[in-house]
Amino acid sequence: MGSFQLEDFAAGWIGGAASVIVGHPLDTVKTRLQAGVGYGNTLSCIRVVYRRESMFGFFKGMSFPLASIAVYNSVVFGVFSNTQRFLSQHRCGEPEASPPRTLSDLLLASMVAGVVSVGLGGPVDLIKIRLQMQTQPFRDANLGLKSRAVAPAEQPAYQGPVHCITTIVRNEGLAGLYRGASAMLLRDVPGYCLYFIPYVFLSEWITPEACTGPSPCAVWLAGGMAGAISWGTATPMDVVKSRLQADGVYLNKYKGVLDCISQSYQKEGLKVFFRGITVNAVRGFPMSAAMFLGYELSLQAIRGDHAVTSP
């Protein structure tokens, strides 16, 4: 079979949908902790969101990611798998072969996937965060107002994903959809290296030599551990990205990545860049486990294989 395979894109779409459903509630908590105020620690944030917004508050802004992140993950996994396969085959000079992967192949393929992910995922992440951050504590802090109850007739800045897109384009231009993209690039390029590479090596390490491929249990465990590692280490730049993207809900106070880092450090110290690291790592495990398991099982079904095959 040639190096380019569409099955990877289809399997990535299914895995992406599974990861959104599993991970969005904790993603909401993570975003509120990083870009909002008045939430304290993780458990305090969960209690505040539930008390003020009920269970629906944890799923705020999920419709757009569910429709779009599935496509986003489809592209990321498709690009990674096909790039890695292309590099491995041409390194050995056998385009139709299945040569062993090297660390350099995985590293370069992960970096390519990280760059591509920003072009497609930047607007998706921005809209998700803008919808998640339509909360009273966040608005009061950014407008310098004392905390008060929301008036019944008071409307949020965005009425939904479509209204959010049109409002951003109207007020900030097309470039507004890519606010925080530079921080996202600094997060995702190393982040995907620490996502795909640990997964590949962990799944191979867990799998007995007699097996032709990792079992679903091995995929779930390796995927979850890779997600926890990747999201945990990506937290500092994830904080900067979230703040830059949430900044435009009511006003813009950051001029760019360096200004956001400087202001955040001056006001809240070094610890601010590790805000949400616990929920990031905890959320990263089930979300990535669902992502890789959905990807591998659907790829197995599409190809008619009897063993799961790593990307």
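Heads up, the Cβ atoms here are built off N, Cα and C, so glycines get one too.
Record features (Swiss-Prot):
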- 3-86: repeat 'Solcar 1' (REPEAT)
- 101-205: repeat 'Solcar 2' (REPEAT)
- 214-301: repeat 'Solcar 3' (REPEAT)
- 9-29: transmembrane segment (TRANSMEM)
- 61-81: transmembrane segment (TRANSMEM)
- 107-127: transmembrane segment (TRANSMEM)
- 189-209: transmembrane segment (TRANSMEM)
- 217-237: transmembrane segment (TRANSMEM)
- 277-295: transmembrane segment (TRANSMEM)
For the repeat 'Solcar 1' (3-86), the number of residues DSSP places in helix, strand and coil: 70 helix, 0 strand, 14 coil
Helix, strand and coil counts within the repeat 'Solcar 3' (214-301) (DSSP): 73 helix, 0 strand, 15 coil
DSSP-derived helix, strand and coil totals, residue by residue, for the repeat 'Solcar 2' (101-205): 80 helix, 0 strand, 25 coil
Integer mean pLDDT for the repeat 'Solcar 1' (3-86): 84
